[in-house]
Amino acid sequence: MATGGDPAASFVDTLPKAELHVHLEGTLEPEDMFAFAARNDVDLPWASPDELRAAYSYTGLDRFLELYYRGCTVLRRRADFHELTAAYLRRAAAQGVRRAEMFVSPQSFLDAGVPVADQLGGVLDAIAEARTDTGIDGALLVIAQRHRSEAEALELLEVLAPHRESLLGVGLGGAERGNPPSRFARFFADARRRGYRLTCHAGEEGPPEYVREALDCGVERIDHGYTAAGDPALVARLRDEGVPLTMCPLSNLRLRVTDDLSTYPIAALHDAGVVVTVNSDDPPYFGGYVADNYRALGLPDPTLAALARNGFTASFADDATVAAGRRAVDDHLAACG
Ligand code: HPA
Ligand code: ZN
């Protein structure tokens, strides 16, 4: 359906959105990866951006993460984090994103000798500039890698301490199977004491039990939560406790979490009263930014609007920002309906 002044813009393109599950390192477009590699003198195993694109075929999360971590090695300087974030925020704003809560995972960069102040400083400068340039409201969450020890996650909180006031929250990501949230209970407790909002990747490849454990750790939002859909008691708990899911349809498709988006459980979870949201995870790696994820669902406009409204509800923004976002979605639906 055409909307506003641009006859080519679709309902989904201009639908006001909050994106709550996107990894900044996972927004690295192939051409930019090669440009960063060249200027930082980093070797890549692919001969060209097209050869890298051809490698975007995964048998599961672990195979994807191998490629993703290799791509991360090109990010070495504050300017790299700045440019990466600025580029994502420009693309997100062009896709109707008004609020973006983004992840960065500092541990591998710290191992490579990139100071955390450079990583976060570059990202936070880009967030401030984008707020002025396009009005997009960005915020940053830091992810600890679950294949590492809890001691390393606790150490990360110490390293982040000087930046506490600039950060919205923390989460847990990386290889899920065999790395349950319960192994990070002290990490979540310490993060909560420090005033961070809490999220956790759970139920992407891991069982519903991992989602339960994340809830037991006091997590306020579940990243993915796909496998919870098959567990009615857990669905009821998510509904009753009002804990949202940040779902990523194209990621789940590409990582073979699901084999068919026509049966994707987001509409069923919505009907069951769970606050479900639509997000991109790692857009170039999975074939689409957030609007592409909305489109891939093939749901009617009013349902997509309800999911977009959920995005603002599930965000960690202040009440006025949440209310304004929800109102903008309602106005958009009314104008297009
Ligand atoms: N799952 C877990 N960790 C991640 C992902 C994901 O989909 N993307 C980037 N880090
Ligand atoms: Zn993710």
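In case you wondered, yes, glycine gets a Cβ from its N, Cα and C as well.
Those TrEMBL annotations? Automatic predictions, nothing curated.
Sequence annotations record features per position, and here TrEMBL assigns domain 'Adenosine deaminase' to 16-321.
The annotation Zn(2+) binding site is assigned in TrEMBL to HIS21, HIS23, HIS201, ASP281. For HIS21 (Zn(2+) binding site), applying a Cβ distance below 8 Å and a minimum sequence separation of six or more within one chain yields PHE103, ASP223, HIS224, THR246, MET247, CYS248, THR277, ASN279, SER280, ASP281. Classification of HIS21 (Zn(2+) binding site) by DSSP places it in coil, neither helical nor stranded.
Other Cβ atoms within 10 Å of the Cβ of GLU204 (active site, proton donor) number 25 in total over all chains. Summarising the annotation, TrEMBL assigns active site, proton donor to GLU204.
Other C-beta atoms found within 10 angstroms of the C-beta of HIS224 (site 'Important for catalytic activity') number 29, with every protein chain shown included. The site 'Important for catalytic activity' annotation in TrEMBL covers HIS224.
Annotated substrate binding site per TrEMBL: ASP282, in sequence order. The secondary structure of ASP282 (substrate binding site), as reduced to three states from DSSP, is coil rather than helix or strand. Remark: ASP282 (substrate binding site) has VAL22, HIS23, GLU25, GLY26, THR27, PHE64, TYR68, SER251 as non-local neighbours, by Cβ distance under 8 Å and separation of at least 6 in sequence.
Only HIS23, HIS201, ASP281, ASP282, in sequence order, out of the recorded positions HIS21, HIS23, HIS201, HIS224, ASP281, ASP282 have a CB under 6 Å from ligand 1. Here the binding-site residues are HIS23, HIS201, and the one ringed by the most other CB atoms within 10 angstroms is HIS201. Ligand 2 lies under 6 Å from the Cβ of ASP281, out of the recorded positions GLU204, HIS224, ASP281, ASP282.
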